[in-house]
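Notes follow once the structure below has been shown.
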């Protein structure tokens, strides 16, 4: 459902009578109230409550990678004083998954494929096995059931390497079973897009890619930067003697930034009014998760954050991030981070020329992670408006018909909001299609609730700007407004409607709330709380598992990757406390529950904070995890009661 006209919250059927909860427990700040009959017995007098570092959802391992994608974290996670286990994040988690014991050459995975030739020239020169009998004898036992990829497409690209091989392999004829009619029928609506072609990737890696759009843009902005830097230094010296008058004059000069002497391409239009938006989420916001969210009502999804420099250099892992499922478009955005206008311009041009299914390119101006901040990326741009504006201008002029959007925070320091000033400058000096504001500062992180009053204040600025543009548009052109989206602490339909009904706010972006409760947009549509049963929630996890295998592959390596990312997903979903066992509503995103017991064993299992139980859940769909499966939870204190 897209909200065309904002409705007062009291007009919505916020919740049915069956979901009303009497407030029989005294309110304890930060503590979720559980009905007494569902409280688990504790083994000590100390009520242990797990602590989460939710900034991890934004970093997703980026705290250990520099702008070029290289590992740069030397903190090895030592034990604290008295040998006690530390709290917080497990840095440098070893997440590499192992493959088959005998590694089969890719040309052998389909016995009927005579066209593909071994890159090494044959079995005698190849480091991989060409002996199918040997490979099948050493291969792990098949997983029970039907291959999810074969079931979806009628054909499994993993061939003999598939962990569900028995479901599409004829042992008598020693041939793979293929339903080519189904494959032809399904592939048009079930495939991945935004896959960079080999020629373009090699050109980027060898610095031979034709950046004919961004090169003049970079040169112009670089010349303007040098002039402005010299002018700024001179004005700062004058300001030290002439006082505030010169400072105000300098600000006026900055506001009258000279436009580039070339025309920006006409952009595709986006409409975010009332859109159900899933925030960019690194690691957990992967393609299978986004695909799941599309089935649960999401209108707009974003890629995981990609770094502009490695994108412009053709770095393979970085180019895996813009990939999307065909069902995500239109409405799919690629988020990038950059501290340099030249890198952002090149990344934007490369995306424009090599992808066909991108609705917007979003500049991350809010990531709080220390490493990116020190490099001048993410939230560091909030304290450097001229640099941010140069980057946006460079992207906008280089991205062809793809519009540019930004995601910001209230500011860098707590109690020092700068977004109003920043947004005014961005509106005056750039042509961003949308601005998303997370209602927290970098310093604040998730220690306090998002400031929605300030989000509304900034929304009014954007609304005034749009009205001013409409008044100035005397020719009656179809001017696309700059959309304004609020973000922070949205965990229910009440939160969503409270946000979208604020003045100047076109829509609301959901982050952690959509990880913990993936059906949140179904609640928005129904305008009431949905007490999902444990079997319904398990069905969502099964769908995620199938999507994960389709994405990463049904071979040993692909299944291990699917299991690892499913565990990452479960590290958020287990935090959901069922509506039916809560003493009062609404539930707050930052509230932590005491240890509780569900209404049945499955509900208790789904709420377990023990990562071993998460692995047990994955085994329902991905088979038994091998002894060599590696998964280390992000948080050292991963259970309510150790």
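Note that Cβ sites are derived from N, Cα and C of the backbone, with glycine treated the same way.
Look at Swiss-Prot and you will find 367 tagged as active site, proton donor, backed by similarity to another entry. For residue 367 (active site, proton donor), other Cβ atoms within 10 Å of its Cβ number 27.
Sequence annotations record features per position, and here Swiss-Prot assigns FMN binding site to 280, 281, 282, 335, 407, 438, 487, 488, 489, 511, 512. A helical conformation is recorded for residue 512 (FMN binding site) in the three-state DSSP classification.
Annotation source Swiss-Prot lists compositional bias 'Basic and acidic residues' at 1-10 (among others).
What Swiss-Prot records for 76-90 is compositional bias 'Basic residues'.
Look at Swiss-Prot and you will find 223-254 (among others) tagged as compositional bias 'Basic and acidic residues'.
The region 'Disordered' feature in Swiss-Prot is assigned to 1-26 (among others).
What Swiss-Prot records for 51-97 (among others) is region 'Disordered'.
Per Swiss-Prot, region 'Disordered' is recorded for 223-258 (among others).
As annotated by Swiss-Prot, zinc finger applies to 105-130 (among others). Across the zinc finger (105-130), DSSP classifies residues as 3 helix, 1 strand, 22 coil.
Restricting the average to the zinc finger (147-168) gives a pLDDT of 97. Swiss-Prot lists 147-168 (among others) with the feature zinc finger.
Under the three-state DSSP scheme, residue 487 (FMN binding site) falls in the strand class. Here residue 367 (active site, proton donor) is positioned 11 angstrom away from residue 282 (FMN binding site), judged by their C-alpha atoms. Of the listed binding-site residues 282, 487, the Cβ environment within 10 Å is emptiest of other Cβ atoms at 282. Residue 280 (FMN binding site) sits 11 Å from residue 367 (active site, proton donor), taking the Cα positions as reference. Residues in the zinc finger (147-168) partition by DSSP class (helix H, G, I; strand E, B; coil) as 13 helix, 0 strand, 9 coil. Sequence-distant neighbours of residue 407 (FMN binding site) (same chain, 6+ residues apart, CB-CB distance under 8 A): 280, 335, 362, 363, 364, 365, 366, 435, 436, 437, 438, 487. DSSP classifies residue 407 (FMN binding site) as strand under the three-state reduction. As a whole number, the greatest separation of Cα atoms within the FMN-binding residue list 280, 281, 282, 335, 407, 438, 487, 488, 489, 511, 512 is 21 Å.
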